[in-house]
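Encoded as structure tokens, the structure appears first; notes follow it.
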Amino acid sequence: MKALAKLERGPGLTLTRVKKPEVGHNDVLIKIRRTAICGTDIHIWKWDDWAQKTIPVPMHVGHEYVGEIVEMGQEVRGFSIGDRVSGEGHITCGFCRNCRAGRRHLCRNTVGVGVNREGAFAEYLAIPAFNAFKIPPEISDDLAAIFDPFGNATHTALSFNLVGEDVLITGAGPIGVMAVAIAKHVGARNVVITDINDYRLELARKMGATRAVNVSRESLRDVMADLHMTEGFDVGLEMSGVPSAFTSLLESMNHGGKVALLGIPPAQTAIDWNQVIFKGLEIKGIYGREMFETWYKMVAMLQSGLDLSPIITHRFAVDDYEKGFAAMLSGESGKVILDWADA
């Protein structure tokens, strides 16, 4: 089958042919329709320090997808041939304390599709049936293909009650921009997002941001004053991994505020802990999606009117994958879709 793989220890990916995956007795085989390029895939493309330490070579990658079940293992129940599915990219052990307590998103033995094992940038993907998730007919293939990052945004944004609250989001990547739409959809009052990328800040405006602030030109304090915010933000969502953004977020929080961290900062990042302690802030780390509560919330929000369509900005046939990665690398894109229909 055709697949997009890391064949050598260096930058780039190669469209090549690999063996079709075998289907275990608890697995489903998915014929891929669409995939999306993730920030993780950009790290793999660049072959940065993280990728060099993490990604086996050779291996085909990718973990954002939608497709159709074409084969099932003999033990699989609850699915049928022809079901349209996406899937949870974190494969968990099922035996650790957190898994057995129903907290699979905290499994210490997690294996990542397209990171630690063969991925979805291929004509076919085999995953445990437990990880597959049926997509309702009213949700498009394009939106279903981005359920993985949409889930990151959902898990982060809905970690705290947002109704009537003022929310600060630092980092206008696709996940941060989707978090804007989620926060507004569930009833936040002011949703302010910061970045230095004007293209993505404009996407955030299209998704409903109260203010989208380029912090290289505009003061967040001035924006807060314009919005008559005299006490600070109630909820902060750190999506960038940039130390200066995290510092600004902590300085802008109200006493008793709640902060969710999805962005990954450098390991030795220093912060002013006085901002955390004396403000009584609550800080929560976010990794992946809650299985499968996050997935049900994603479907419910889309079915109740959440519009994520502006975040999908580019579409390419998989044979033009280099154009897709170029769009992502340019910084002037939202989500980029690769179509496998004619693969």
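Numbering starts at 1 and runs along the chain as it is shown here.
Including glycine, each Cβ sits where the backbone N, Cα and C put it.
Checking the candidates Ile146, Ile175, Ile311, Ile312 against Swiss-Prot: the one annotated together with Asp195, Arg200, Leu262, Gly263, Ile264, Ile286, Tyr287 at the NAD(+) site is Ile175. Taking only the Cα positions, the spacing between Ile175 (NAD(+) binding site) and Cys38 (Zn(2+) 1 binding site) is 10 angstrom. Other residues of the same chain near the Zn(2+) 2 site, with their Cβ within 8 Å of the Cβ centroid of Cys93, Cys96, Cys99, Cys107, are Thr92, Gly94, Phe95, Arg97, Asn98, Arg100, Arg104, Arg108, Asn109, Thr110. The number of other Cβ atoms within 10 Å of the Cβ belonging to His43 (active site, charge relay system), over all protein chains shown, comes to 17. Note on proximity: of the recorded positions Thr40, His43, His63, Glu64, Cys96, the one nearest Gly263 (NAD(+) binding site) is Thr40, by Cα distance. Each of the binding-site residues Cys96, Leu262 was ranked by the number of other C-beta atoms within 10 Å, and first place falls to Leu262. In this structure the alpha carbons, written CA, of Glu64 (Zn(2+) 1 binding site) and Cys99 (Zn(2+) 2 binding site) are 23 Å apart. For the recorded Zn(2+) 1 site, residues Cys38, His63, Glu64 set the reference point as the centre of their Cβ atoms, and the other residues of that chain within 8 Å of it by Cβ are Thr35, Ala36, Ile37, Thr40, Asp41, Gly62, Tyr65, Gly89, Gly114, Gly119, Ala120, Asp148, Pro149.
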